[in-house]
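The transmembrane segment annotation in TrEMBL covers 32-49, 61-84, 104-122, 129-148, 154-175, 196-213, 233-255.
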Amino acid sequence: MVVQTGFAASVATLQADDLVGEALSDPLLAGSLWVNVALMGFALLAFTYMGRTVTDEYAKLIVVATIAIPAVSIASYLALISGLTVGVVDIPGRGELVTLWGRYLTWTFSTPLILAALGLLAGTNFTKLFTAVVFDVAMCVTGLAAAMTSQALWLRWVWFALSTAFFLVVLAVILGSWSRDVESQDAAVQRLFGRLKYLTVVLWVGYPVVWAIGTEGLALFGTGIAGLAVTSWLYSLLDVGAKFVFAFLLVRFLAVEQPTVTRQGLGSEGAKPADD
């Protein structure tokens, strides 16, 4: 009995590996991953070069957080391409589905960096920044749970709803607290924050929408490799805007408007640690 069980498990593993291999060999799906590796590789070099002129220590902190975004993305996308963070989930009523669960790993590390850069730009305090990051990580982890749950289809949507609730907290911090914090900053900083704020909010809203209509949710594009590839491309395009465009606008501003940033001191009293 033990031998039979072990044999069945081995067969199931081989079948899952075959499904993953077939999916990753699809040109359309592979292209959605490689395009981000190439773009983020370019971004890492370009942003490092652009940020070399920044001298203010607080501005440097924002630059480092921003440059780390493509660095994390490169490693995460390579893990997807290698199949290290790709698996198969047996969804009731649908059968086995290839899932690129490594994307959630990417977001768990990259989105806090985006929030850190945006919050520091606003000059927010540690408590508000910590709140946004904690709920952001919770959002990513519960999103992963939604994608990997196989016991029942409705449980996937419960996890999705919980992840969305955490997301709403993050949006409340960005649109509420941080929008008020930035009012004390220079006009140029306020304008940039406004652009980055709406860029982030609009594009981040796209992620749960893609989840809901993609292969992990309603599967409007189908559950096969073609549907997976379309879903992957939508996520990749969102990543380009939410990471590359965001980081480019921010690093360019800090490099060009450095005197303004330094003079206004971006690190307002609320953003500084308390004295001992």
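Any Cβ shown, glycine's included, is placed from N, Cα and C.
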Could you tell me whether the transmembrane segment (129-148) and the transmembrane segment (61-84) have 3+ CB pairs under 8 A, leaving out pairs under 6 positions apart? no
Selection from 32-49, 154-175, 196-213, the stretch that has most Cβ pairs under 8 A to the transmembrane segment (129-148): 154-175
Counting only residues 6+ away from its ends, which parts of the chain sit with a Cβ under 8 Å from the transmembrane segment (104-122)? 58, 61-62, 65-66, 68-69, 72-73, 76-77, 79, 85, 128-129, 132-133, 136-137, 140-141, 143-144, 147, 170, 174, 178-179, 181-182, 185, 189, 192-193, 196-197, 200, 204, 207, 239, 242-243, 246-247, 250, 266-267, 271
Is the transmembrane segment (196-213) packed against any residues at least 6 beyond its ends, judged by a Cβ distance under 8 Å, and which are they? 107, 111, 114, 118, 121, 143, 146-147, 160, 163-164, 167, 170-171, 174-175, 178-179, 220-221, 231, 234-235, 238, 241-242, 245-246, 249-250
